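Undergrad: Features from Swiss-Prot:
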- His117: active site, proton acceptor (ACT_SITE)
- 56-61, Arg139, Ser147, Tyr202, 236-241, 264-268: 3'-phosphoadenylyl sulfate binding site (BINDING)
- Lys115, Thr116, His117: substrate binding site (BINDING)
Amino acid sequence: MSLEKMKDLHLGEQDLQPETREVNGILMSKLMSDNWDKIWNFQAKPDDLLIATYAKAGTTWTQEIVDMIQNDGDVQKCQRANTYDRHPFIEWTLPSPLNSGLDLANKMPSPRTLKTHLPVHMLPPSFWKENSKIIYVARNAKDCLVSYYYFSRMNKMLPDPGTLGEYIEQFKAGKVLWGSWYDHVKGWWDVKDQHRILYLFYEDMKEDPKREIKKIAKFLEKDISEEVLNKIIYHTSFDVMKENPMANYTTLPSSIMDHSISPFMRKGMPGDWKNYFTVAQSEDFDEDYRRKMAGSNITFRTEI
């Protein structure tokens, strides 16, 4: 059963709000933790493409770019189904009889494009064994936090985030679904040269989408014409995607995602965190950030 059918199950908000459990120190929904053995033993294939991100780091945007490249800029083909059906999250687990990510992935014909928010040490080992290609997208911590906070407010399948001040503390401590942002971006960065991983930055994609789309196409070994490239840039722009029901999650009932609280595609602008953090919160966050990122050579931009 698809997500759109969830309203027919007459589930209340209390039924959707997940209980959480830790798996290897990472906070997950109880449904995911109960199915962890199946997730861990997922069988990847050599021609799989995996899009890996921390939550709210540009997952859907990257997915649309990849889909457009794979389909030579054919917009109709890229609107064949909703984003979560075209490229499922392998770990996302829903109450029966709804289709979970594993169900969708296992039914897909090859070649598959799949997604995950899992930290690197929790990626099913078959992806390494099969040498699948992986695109990782990282976004600066402050913008990621604000976006994740508003997403958690509107998405009834995520834990209640509380106030922004409370959420900042949860985020810093890694006590949010999928764990610590710091460990996530560093973990994937540390293995990027050992595997077929293209590591991208959200801010670079916003600054020069043409350059970054070319990088993705090269990684996918796809030749695209200038005409197709420009088409991809246009159709994957924030304003166009925001109006695309196959990408913006508006086909879901408000009992699952309430767009009146916050749209799924909210602003997408680097530096928007400045409209939400107080000076004291920003200074405290920066001090904690320096401690947690000490020794890493990753450079993030908090505005462009």
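Cβ atoms are placed via backbone N, Cα and C, with glycine included.
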Undergrad: Work through the recorded positions one by one (Lys115, Thr116, His117) and name whichever has its CA nearest to the CA of Arg139 (3'-phosphoadenylyl sulfate binding site).
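TA: Comparing Cα positions, the candidate nearest Arg139 (3'-phosphoadenylyl sulfate binding site) turns out to be His117.
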Undergrad: If you count the C-beta atoms lying within 10 Å of each candidate's C-beta, which of the binding-site residues Thr59, Thr116, Thr236 ends up with the smallest number?
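TA: The binding-site residues Thr59, Thr116, Thr236 were compared, and Thr59 has the fewest Cβ atoms within 10 Å.
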Undergrad: Need the DSSP three-state call for Asp239 (3'-phosphoadenylyl sulfate binding site) to compare against my parser.
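TA: In the DSSP reduction, Asp239 (3'-phosphoadenylyl sulfate binding site) maps to helix.
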Undergrad: When you rank Lys115, Thr116, His117 by Cα distance to Lys56 (3'-phosphoadenylyl sulfate binding site), which of the recorded positions ends up on top as the closest?
TA: His117
Undergrad: Tally every other Cβ atom lying within 10 Å of the Cβ atom of Lys56 (3'-phosphoadenylyl sulfate binding site).
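TA: Excluding its own Cβ, the number within 10 Å is 22.
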Undergrad: Between Asp239 (3'-phosphoadenylyl sulfate binding site) and Lys115 (substrate binding site), how many Å separate their Cα atoms?
TA: 23
Undergrad: Quick one: pull the CA-CA distance for His117 (active site, proton acceptor) versus Thr59 (3'-phosphoadenylyl sulfate binding site), whole Å only.
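TA: Here the two Cα atoms lie 9 Å apart.
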Undergrad: Report the residues of the chain - excluding Lys115, Thr116, His117 - with C-beta within 8 Å of the mean position of the site's C-beta atoms, for the recorded substrate site, in sequence order.
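TA: The answer, listed by sequence position, is Leu50, Ile51, Ala52, Thr53, Thr59, Phe89, Ile90, Glu91, Trp92, Leu114, Leu118.
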Undergrad: Work out the three-state DSSP category of Lys56 (3'-phosphoadenylyl sulfate binding site).
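TA: Reduced to three states, the DSSP call for Lys56 (3'-phosphoadenylyl sulfate binding site) is coil.
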Undergrad: Could you round the CA separation between Thr116 (substrate binding site) and Thr236 (3'-phosphoadenylyl sulfate binding site) to a whole angstrom and send it over?
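TA: Pair distance, Cα basis, whole Å: 20 Å.
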